């Protein structure tokens, strides 16, 4: 099951994103700073009192070109659709506005827990003014200053109190995967073709896939899979005007729940910025990845077409050198039979554990090939390395000074580890840590 979801809503400039970042804190880890990996966030995971939850920053979905009230309406609709708990942020400096009242009326209809956070209460004298917000009819207003972190704990306490019951543990032997990509790249047709039967509605018009339904199936070897459909383009019979930004959020939720992500690209249209943005989210989330070029049957090809495509994909997705590329057709089912086996292999890579002794042999061999760098006369010393996690495989390298571990040398060590062990389709994380 997915983690419970918290939506942070409110009119522009009340501090939604600041509160979002404050709650997310350092749990949003940017492992690499590579061009093409997106840095913006509308979705993250938070934790408080041993309860984990997903968060949506609706401020990240604002359409700045849309009319003011349309932005707010869009946020409220997303919160109603997606959230288990809603945090409604208002400004203590400005008091209640017409836009606040509009959002409140929308939230009454959700029948979901709403936490009223009065932001920008930066000094004790302002606390007396927050009681005016009782007039919104959403219960006790909680004074906070998200910039300074004041009152954030009270909001988190309220979130945890209102979370649904603990979700059941999932079967770790079931491989979860999702197909992500721009609307109308053929995800629904691929799903149908993979399953061999019609389970969802397939249509050439974006906005015709109904509610997401997890689909379970077993291959001929008895391996169980759960396919998580991003769906959500059309809910309650209504197509959201800002479909692409809404689909980003849906894709990110699917990525969060997946072990392996199939990034679907439309061969007729080529690679778009949206593709790189979504792939960047999956990469940063540490998910296994396959790049799937669909509608391959529609292209006129010569002996160089596939090679040219592969080179272009590697150039456009420089942060995904580990991701295999497959050219398929949902219509003719070309190469689709290979996907379940590829997903299994990548899942195995994600769960690989390397004994410390073997890992350190590889590290020492790497140093012999390419000695550690120096900075201002001081040389980096590597004492030992150990694997600390899987999904994705994560290694801590203990050194004399973290600052001496240049990014380029860390990348060199990653490449040497990849040569020694099979990590196809999965990112691996290397972390330099000073030995104490």
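In case you wondered, yes, glycine gets a Cβ from its N, Cα and C as well.
Sequence annotations record features per position, and here Swiss-Prot assigns GTP 1 binding site to 10-17, 57-61, 119-122. Mapped onto three states, the DSSP output places residue 121 (GTP 1 binding site) in coil.
The GTP 2 binding site annotation in Swiss-Prot covers 181-188, 229-233, 294-297.
Marked as domain 'EngA-type G 1' by Swiss-Prot: 4-167.
The annotation domain 'EngA-type G 2' is assigned in Swiss-Prot to 175-351.
Taking H, G and I as helix, E and B as strand and the rest as coil, DSSP gives the domain 'KH-like' (352-436) the counts 31 helix, 24 strand, 30 coil. Summarising the annotation, Swiss-Prot assigns domain 'KH-like' to 352-436.
Residue 10 (GTP 1 binding site) is surrounded by 25 other CB atoms, counting those within 10 A of its CB over all protein chains shown. Taking only the Cα positions, the spacing between residue 184 (GTP 2 binding site) and residue 58 (GTP 1 binding site) is 24 angstrom. Around residue 184 (GTP 2 binding site), a 10 Å sphere centred on its CB holds 17 further CB atoms from the protein chains shown.
Ranked by Cα separation from residue 187 (GTP 2 binding site), the binding-site residues 10, 13, 16, 58, 121 are led by 58. DSSP classifies residue 296 (GTP 2 binding site) as helix under the three-state reduction. Here the candidates are the binding-site residues 16, 58, 121. The one whose C-alpha lies nearest to that of residue 296 (GTP 2 binding site) is 58. DSSP assigns residue 187 (GTP 2 binding site) to a helix.
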